[in-house]
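Engineer: Pulled these features from TrEMBL for this protein:
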type: ACT_SITE; residues: SER157; note: active site, charge relay system
type: ACT_SITE; residues: ASP235; note: active site, charge relay system
type: ACT_SITE; residues: HIS268; note: active site, charge relay system
Amino acid sequence: MTDSTDVMAALNEVSSNRSFGGYQKVFSHDSKELGCQMNFAIYLPPQAEDGEVPVVYWLSGLACTEQNFIMKSGVQRYASEHSIIVVAPDTSPRGCNIPGEDDSYDFGTGAGFYLDATQEPWKKNYRMFSYVSRELPEIVTSNFPASKERQSIMGHSMGGHGALICALKNPGKYRSVSTFAAICNPSVGNWGQKAFSGYLGPVESKSWADWDATELVKKYSGPPVEILLDQGKADPRLETDLFPENFVRACKESEIPVILHMRDGYDHSYYYIATFIEEHIKHHVKYLHA
Ligand SMILES: N[C@@H](CCC(=O)N[C@@H](CS)C(=O)NCC(=O)O)C(=O)O
């Protein structure tokens, strides 16, 4: 950690636990983008005590906080083994007193969808895209020994989509991107349509394509980024919300390299994520330590 008191003063340590020789910590801070206090989790491997290491961002799914991934995935063992920092933010602004923000698990609190809303009453606070791809990385690199150049992004469900759009809308920023059970084509699924209608306006407003990974990949012209999709075949949301095959088809049409692992018998849960998290970390490490 740097000892810049100015920068450190902005962060409040909520918890710190020794884990696999490093530390699993949670911080809170006032977010300028979101206009509220936010928590994020950060795993610091032992090697972070001696200098800069690469960083992987994890974006969680609906109804999660910064806690779900760090408590259930078992990521700390692999982050320690491979010398990477792992950052897991919360999934939406909280406590903004927006009418309706707590009415359902799949819209508002816990469901920021990692986009920048354009519609009232959401557009002032619901700017999770700018938060996770700009404000948070600045905070992380100025407060911790995290490399600015060597970063990757991954996520689950809503967060898998978040990871895809962060990579596709910020060409060159991330070396690799991977997802578990990502919402791959939100414009055609239930969860995605509900979120896009509320945050971006009706489909007729034509703004959805700017935030839909399957549409964005058709126009992607940045440097190569390795995309790894992972999907359980027994996921109850596969046919109604996720549509990985639409994304893979769009990648093939645009000649963007993509890998899709379909896993027999696995569902949408963290039991599935914990099973394959090591494989994903190793995928990112190939690019981060190259
Ligand atoms: N809890 C919601 C479902 C939301 C859900 O499935 N959330 C997933 C991401 S899309 C998750 O990671 N949940 C938290 C957990 O399993 O720890 C419901 O009432 O149906």
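The backbone N, Cα and C atoms fix where each Cβ goes, glycine too.
Provide an account of the burial state, proximal residues and distances for the features listed.
Structural biologist: Less than 8 angstroms from the CB of SER157 (active site, charge relay system) sit GLY61, LEU62, PHE180, ALA181, ALA182, ILE183, ARG237, LEU242, HIS268, each of them six or more residues away in the same chain. A coil conformation is recorded for SER157 (active site, charge relay system) in the three-state DSSP classification, outside any helix or strand.
DSSP assigns ASP235 (active site, charge relay system) to coil, not to a helix or a strand.
Of all the Cβ atoms in the protein chains shown, 21 others lie within 10 Å of the Cβ of HIS268 (active site, charge relay system).
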Engineer: ASP235 (active site, charge relay system) has how many other Cβ neighbours within 10 Å of its own Cβ?
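Structural biologist: So the number of other Cβ atoms within 10 Å of ASP235 (active site, charge relay system) is 22.
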